[in-house]
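**Student:** Take a look at the following structure, please.
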Amino acid sequence: MAFADRLLAAWYAGHPALALLRPLEALYRRVVTRKRARFLRGDSASYRAPVPVIVVGNITVGGTGKTPMILWLIEHCRQQGLKVGVVSRGYGARPPRLPWRVQADQPADEAGDEPLLIVQRTGVPLMIDPDRARAVQALLASEPLDLILCDDGMQHYRLARDLELVLIDAARGLGNGRCLPAGPLREPADRLREADAVLFNGASEDRTEGFGFRLQPSALVNVRTGERRALDHFPAGQRLHAVAGIGNPQRFFNTLLGLNWQPVPHPFADHAQFSARSLAFSPPLPLVMTEKDAVKCRAFAADDWWYLAVEAQPTPAFSAWFDNQLQRLLRKP
């Protein structure tokens, strides 16, 4: 297990040795708290877009189901007749220049795995740039839009936001409740009180602290050809290699177990780069991966490589709440 994986496991298990990192945690908390305070006071300038900006992010390190929720929000807004754009940091991407408009036929190392997935699934206009404010300006200059979804960027306060949605893994929660590097929190836990909504991935019902949503498997898709198959394509008890280069690989492996398959788990670092050699496992079995990983593997995929398509399913209460927020944000003065 890599050091980063061991540290992540310790954060969520509450390992006592992490107490040694508390002096560094105190320094980190001071830095992030002061940074946010400067923007709140107006000492540091924020860019406010002429259209509503909705930030979808988290305050923890590790996967929370953010990309599937972004996909749900895009489709839901489109059903209201809205033109939606997305901005993203483009973690791991190496574009020719910044900001960079992501197209569906671009290589993953140029566009970034998550932005490429979003564009391939939805065709939404999407701009990547670590400077989210600059990305929003470039996106609005390229075409008229009704609102912007910011993929992550909770801590990027140079971009003013009209709505904040924070996602949390329902099973792992906030881990030991400590900030980096003594815990998984990017900001102190009380930051949640300032968000407009908290969504718990893996909760089928709403909680006092926020709304629930689940990731529902919908199909198997062949990585090489794009052919879709029903989930019963593999019989119960099917052994298969399971690949996950995401923030919380175990959640993916548990999903496969819940489908009555027998996965041989192969966890990779989040945003890992793959090759045919790195995915050559023994014994020869079908291989199932996440959709985020699949966008990086199509060029060398074997015939029996598949990805599991999943759809975010928030509770009806969140859908109703979000519709009310859209009406408020888009109300003409």
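If you go along the chain as it appears here, the first residue is 1 and each next one adds 1.
Placement of Cβ uses the backbone N, Cα and C atoms for every residue, glycine included.
Residues or ranges marked as ATP binding site by Swiss-Prot on the basis of sequence analysis: THR60, VAL61, GLY62, GLY63, THR64, GLY65, LYS66, THR67.
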**Student:** Could you list the residues of the same chain, at least six apart in sequence, whose Cβ is under 8 A from the Cβ of THR64 (ATP binding site)?
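**Tutor:** Set apart from THR64 (ATP binding site) by at least 6 residues yet with Cβ under 8 Å, we have ASN58, LEU167, ILE168, ASP169, ASN201, GLY247, ASN248.
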**Student:** Including all protein chains shown, what's the count of other C-beta atoms within 10 A of the C-beta of THR67 (ATP binding site)?
**Tutor:** 25
**Student:** Counting across all protein chains present, how many other Cβ atoms fall within 10 Å of the Cβ of GLY62 (ATP binding site)?
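**Tutor:** I count 18 other Cβ atoms within 10 Å of it.
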**Student:** Note down the number of other Cβ atoms within 10 Å of the Cβ of GLY63 (ATP binding site), including every protein chain shown.
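**Tutor:** Result for GLY63 (ATP binding site): 23 neighbouring Cβ atoms inside 10 Å.
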**Student:** Give me the non-local Cβ neighbours of LYS66 (ATP binding site): same chain, 6+ apart in sequence, Cβ-Cβ under 8 Å, ordered along the sequence.
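**Tutor:** Listed in sequence order, they are VAL56, GLY57, ASN58, ASP151, ASP152, LEU167.
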